[in-house]
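Trainee: The structure's right below; bear with me while I get my questions together.
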Amino acid sequence: PCENNGLCIETQDNYRCHCKLGYKGFNCEEHEYCRPNPCKSGGVCLPDNDTYMCTCPPGYKGKQCESKNPCYPNPCSSNGHCKVTDGHWVCECELGYKGDSCHIKDLCKPNPCHHHGDCIQHGPDFFECDCKEGYSGNTCQNVDPCLSNPCLYGGTCERREKNDFRCFCAEGRMGQFCDVRDPCSPSPCHNSGMCFGLDKGDYKCQCRSGFVGPLCDMIDPCLPSPCRNNGTCVNIGASYKCNCPPEFYGKHCEALSKCTPNPCKNDGTCRDISTGRGFVCYCSIAYLGPNCDRKNLCHPDNPCKNGGTCKTDGSTVACHCKEGYLGSHCEQMNFCYGNPCKNKGTCTPKLDGYECDCPEGFYGKNCDGKRLRRCGPCIPSPCKNGGLCAEVKSKDGFICICKEGYLGKTCDSEFIINIQ
């Protein structure tokens, strides 16, 4: 009954099996994988279901620890991972390290060279960047501004400091990028004037002595100078102007100035009259008069009230009042402004109000009351010049009581007394 070539031994009441090496169990039915020990090089065998597993000592590997581990002890220091390839160890270095044992710091990883430059390490502490065309700098960080040739119309680009550049333009072109037509090609300046190009295609002509004008096409009227007495000649197109010394005036500085010394007092400004007959003083606001020698009584304290306008001749003051005010200083309100008297009544202003002189037939403060008309010889009054009409029993039915200086039936004659 013993399996796997086990030896059966009869006992008193049964049997027992003597199993061969590698088997166990009552009938030798179980395979004992770890007997004999299949693990070499001192490996420890551990049963594993229907097989076994070897735990190898350091430096060995393989199912039965039959192979020596080239990665033991670790030759890659702490900066790499050891890997066996074709029976030999190879170190896979971490980023930033290189060498057989990953002991050299790799200055080229990550690549410090910009714009796809090639990094070359020289020794443990120095690297160099081999830059692509159009780039420069220790790490290829500088872009050559001439790489894209920004100079137009055949211009030549020259690189300058840092990322700057300069365009040398072909004939007839100008500007930073040679994009502007050169207004000086051909030169518009006459009489050998020198042309200078400006922004936005403009130009300026620098004329030779004896010529003036935007195009140097006019003869200089200041050569020789027509200005006398050390006057300075200034070109005004085809004409000129003389800037005279203080003591002279006139078109050619030929007239002696009446303003030297200055006759205008109190900082007044003197101007010669062009006819040569004298001068005019322009006074400051605080003074007036032909020589600015009289104080302006209207300044700085305007004596005219309520917005009145002050006028003065230097000795007296007159106020021109705004509508609604009166008095020598416009200090009194004009209660007659707008004429409150109705029906053609005459308004007389008072200090505290006004008084209406009503026409005949009207009465009241504002002449707005109408008297009832009655018949009689005194209505209307036939008496002239303020005479008073009185009814009497006579042919005419009235008599006129005349004011002093008048007489006649209706006070229509002026009475003059001559005293000798």
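Keep in mind that glycine also has a Cβ here, set from the backbone N, Cα and C atoms.
TrEMBL labels come from automatic prediction, so no person has curated them.
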Trainee: Can you tell which of Cys169, Cys184 is bonded to Cys178 by a disulfide, based on TrEMBL?
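Mentor: So the cysteine that TrEMBL bonds to Cys178 would be Cys169.
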Trainee: Let me make sure I read this right: TrEMBL says Cys292 forms a disulphide bond with another cysteine. Which one, out of Cys283, Cys304?
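Mentor: Going by TrEMBL, Cys292 is disulfide-bonded to Cys283.
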Trainee: Looking at TrEMBL, which one of Cys378, Cys383 makes a disulfide with Cys400?
Mentor: Cys383
Trainee: With H, G and I counted as helix, E and B as strand and the rest as coil, say where DSSP puts Cys253 (disulfide bond).
Mentor: coil
Trainee: Kindly report the helix/strand/coil residue split of the domain 'EGF-like' (30-66) according to DSSP, in that order.
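Mentor: Secondary-structure breakdown of the domain 'EGF-like' (30-66): 0 helix, 14 strand, 23 coil.
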Trainee: Give me the Cα-Cα distance between Cys402 (disulfide bond) and Cys321 (disulfide bond), rounded to a whole Å.
Mentor: 40
Trainee: Which of the three DSSP-derived classes (helix, strand, coil) applies to Cys400 (disulfide bond)?
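Mentor: The three-state answer is strand.
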Trainee: Within 10 Å of the Cβ of Cys400 (disulfide bond), how many other Cβ atoms can be counted across all chains shown?
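Mentor: There are 23 such Cβ atoms around Cys400 (disulfide bond).
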Trainee: Checking your reading of the structure: which of the disulfide-bonded residues Cys28, Cys93, Cys216, Cys411 lie inside a 10 Å Cα sphere centred on Cys292 (disulfide bond)?
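Mentor: Cα filter at 10 Å returns nothing.
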Trainee: How long is the line from the C-alpha of Cys264 (disulfide bond) to the C-alpha of Cys283 (disulfide bond), rounded to the nearest angstrom?
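Mentor: Roughly 8 Å, rounded to the nearest whole number.
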